[in-house]
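Peer 1: The structure's right below; bear with me while I get my questions together.
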Amino acid sequence: MTKFTTEEVRSKFITYFKTNNHTHVPASSLIPQNDPSLMFVNSGMVQFKNVFTGQEKRPYNKAVTSQKSLRAGGKHNDLENVGYTARHHTFFEMLGNFSFGDYFKEQAIYYAWNLLTKKFELPKNKLYVTIYHTDDEAASYWKKIAGFGDDRIIRIKTNDNFWSMGDTGPCGPCSEIFYDHGENIYGGLPGTKDEDGDRFIEILNMVFMQYEQVDKDTRIELPQKSIDTGMGLERMTAILQHVNNNYDIDLFQKIIDYTENIVKVKVKGEAKFSYRVIADHLRASSFLIADGVIPSNEGRGYVLRRIMRRSMRHAHMLGSKEPLMYKLLPKLVDLMGNIYPELKRSESFISNILEQEEIRFKTTLERGLKLLSEETETLTKGDKLSGEIAFKLYDTYGFPLDLTKDILKNYDISVDHQGFKEQMLAQKERARKSWLGSGEYKTNQLWFDIKEQYGSTEFLGYTLNEAECKIIVLIKDNNLVNNIQETDTQFLLISNQTPFYGESGGQMGDNGTIFAKDSEVEVIDTLKYLGSIIVHKCILKKGKIHVGENANFSIDVKYRQNLRIHHSATHILHAVLHEVLGKHVTQKGSLVAPTYLRFDISYSKAVTNEEITLIEDKVNEIIRANHEVNTTLMATEDAVKQGAMALFGEKYDSEVRVVKMGNNSLELCGGTHVRRLGDIGCFKITNESAIAAGIRRIEAVCGEFVIKLMREKENLLKSVESSLKTNKNELITKVNNILERNKGLEKELEKVHLAHLDLSIDQINKEAEEIKGVKLIYQYIENLNNKVLRQAAENLTKKVEDLIVVYIVGNSDKLSITVAVSKAITDKFNAVNIAKELSLFLGGTGGGGQASLAQAGGHDIGKLNKIHEKLYSLLTVL
């Protein structure tokens, strides 16, 4: 049996099916598109789900893929097992061949058998197959093609060998191929009590989609029968490299060897498992980030964080004091970047996210491990850690439950899952009660009732600025009313149709006016509820307004135009960010206001001044080109095929609105836009900042607001010139001279303060108070910088061997504490401990420093009169 590399196995599989007229389809993102039932793509068939159900047509009827997949929980895939067993992974590659109404059972079995025995040269006597117990057709084909007898064809009655997409829809029997690793490895054949052992390993699974489940009692033959085949790349490679553990294949070994060279710990004993965890989780983390997932505390982001923090804990176990994962990324890119180019494109971004997350977690990891160690001191083998402590580790120290379980597994200690769930539910209940008490619950139910009775609001604003509409709902103080007649009353109004845009997609809602027969209403905002109810937030200016009457709805055209300008600019900005910062940049949020725009992106470092200038230049160049802006309604599938930008994880209707701006931007968008890009006028970035880990925010203005901004800056410059009695050509020189002079004055002032605080040995002996055999100098000072205090306190403790100096400085409503201790007595009196106790007494959170010099903070000025008493009791105890 020839030995193949991982890359050769993948390539040979794809080439084999391409030779047999299958279209090679690239791997889809790990984030399922328009499939809310899945968090991640977990098999090769996911991207073809709509093809199998007949909802989508492709230009081919046979396909082959190498699909990146991810599983981080569920049956046989608990995260805590990854790295400790031979075949558990979070990230893996699923090789697959598919038929959509072309070949079926016999040809699928032939392809699989020929691939394994001819192309991969597996010995026939090492192979067994399973079929669904009633699938005589599959049994006959296995006998015909492989020459197997009944002893090698195992009939399985359970659902393991019958696949379905859900309660209804396509379904069918399966046939699996198993490889025998030999008698020296524990395990039994499928269907036996020892089937979970490692001897007989499933290497290929074929699903014969031949039925449609109409309801729970009715199953009919499908007119178009299909094939879904999956083969795990890592499992197959292990067999072809003559090893029984997936982590021993070349791909993982190269990552492990690379890691070993960095951490300098031998791959043996318990360390071996940590190396495997890191290798597996490096792949999962890197591919998730490449596909737009950012570590967070919910949804996909939390799964990523769980995986990353588990790997970081294992890096910690190997003695890695510095961030490790990002240092391993170049090796992964070298190994997998050619087949998955998104890794290469996003390498810098992935590296930054990995490093930042590890730095952040290291600050709480040590404290969390300390708490866990303290809480398990009295626990022995077989005991349970309380759910309360597990939840505290999760809530306070950022330990996912998987991580706590993973740590305790080494000591045969489990976690009280029920107690953890109760703590989690209690927290949610507290939040729920807060929500119920806020009045939001009642309002929420109201919108559901309105939608059920009246349906959606028709939006007319793409083409009309005013229209006659019928008032169908009036709401005041969360209650339905028939009329509003008190002037200056605030209320909500819903009509059957409206030209007013309800806030959504980042664009703020419209303002304007409503005129009815006897009334005038000011619309101060427009909202959107449940995705399709447009709600006008109103103030009655005069008259009386009734449910059922018609009225003239007129938007503020100038306000809308400014919204259009800034919204269209966000699309151009998005396209340019891809060009300047990289394709891996994804939109994380936006706000389109009439006076500015805000755009949040996944990007792990500050955008440089040079990049900001380049972005501005490119956006303005596109604006000046004055391309036409076109909007089209089309099927979501067609829009995505044309390259329209869509947000990852968003669920879109079957028909979407596509906004095209020349050849520069194509996005799915329901907002309002300019007719030509020249209408934007000009574009200027006003601010760039970090708002969360891996998320940057860009703020900008357009059109007349750029001119306003420039005028404000020009007026400010003139004001500064006037105050400093200079001109703009000499302004920088003048300011630098002033700064230099101020620096000199500050140094002189520091010297004066130090001289004032300095004491001779005789003065120290005279002024110091003696407590428990040591001298204490305590002083409260107003408005003095900490640098001077540190130096002054340290100078005094160097003069006398038994001195403690405590300075407290009041600056506004904050207190700064400086504690210095003569080095000769630090074994008994520790400056850090004294500073910490004083800080806690004054409402602070503790301090830091060294045994001889420490600083801390506080804010409870009312306790200053008791500080001397606190110091006395503290030093007496010490």
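FYI, residue positions are counted from 1 along the chain as it appears here.
Cβ coordinates come from backbone N, Cα and C, glycine included.
Summarising the annotation, Swiss-Prot assigns Zn(2+) binding site to H567, H571, C669, H673.
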Peer 1: Just to confirm: which same-chain residues, 6+ apart in sequence, have a Cβ under 8 Å from the Cβ of H673 (Zn(2+) binding site)?
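Peer 2: In sequence order, the residues whose Cβ lies under 8 Å from that of H673 (Zn(2+) binding site) (at least 6 apart) are R564, H567, S568, H571, V629, T631, V659, M661.
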Peer 1: For the recorded Zn(2+) site formed by H567, H571, C669, H673, which further same-chain residues have Cβ atoms within 8 Å of the site's Cβ center?
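Peer 2: So the additional residues around the site are Q507, R564, S568, T570, V629, V659, M661, E667, G671, T672.
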Peer 1: Would you identify the secondary structure of H567 (Zn(2+) binding site) according to DSSP, in three states?
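Peer 2: H567 (Zn(2+) binding site) sits in a helix per DSSP.
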Peer 1: Are there residues of the same chain, six or more positions away from C669 (Zn(2+) binding site), whose CB falls under 8 angstroms from its CB, and which are they?
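Peer 2: Same-chain residues close to C669 (Zn(2+) binding site) (Cβ under 8 Å, separated by 6 or more) are G505, H571, R657, V658, V659.
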Peer 1: Please report the number of other Cβ atoms within 10 Å of the Cβ of H567 (Zn(2+) binding site).
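Peer 2: Total other Cβ atoms inside 10 Å, all chains included: 26.
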